[in-house]
Amino acid sequence: MAFARLALIFFLAASVMFAVKETEAGIPCGESCVFIPCTVTALLGCSCKDKVCYKNHVIAAEANTVNDHHLLCQSHEDCFKKGTGNFCAPSLKHDVKYGWCFRAESEGFLLKDFLKTPVDILKMSNVIGN
């Protein structure tokens, strides 16, 4: 009897999981943005389009120009101007003329921050190490 209950629980969990998986792609993020922008779902990667919150990749896939979405770019300068990152990654599809803005932390940025550290802190860490 316990085996039958356990099998039923696994069956229900699997059916719910597959039902959710099928509806993920094009469904809005769950809130409207008529008067206020996507607030809670913005952390989940949602943006406002046509007064409904959609996932960013859905909006970007339907975009015709770079100006249709704040994360789309054609160069690194587009990302700087829009304030959405510092690196424009090109699309994997060769027929798509735009890319996606990312905030990239490279070794140059880390070195720049390291060079701004006061000299006293560097001496202190050397004393602690000895």
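Every residue gets a Cβ built from N, Cα and C, even glycine.
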Per Swiss-Prot, cysteine bonded by disulfide to C33 (from C48, C73, C79): C48
Number of other Cβ atoms within 10 Å of the Cβ of C46 (disulfide bond) across all protein chains: 24
Around the Cβ of C33 (disulfide bond), the count of other Cβ atoms that are within 10 Å: 21
C38 (disulfide bond) to C48 (disulfide bond) - Cα separation in whole Å: 6
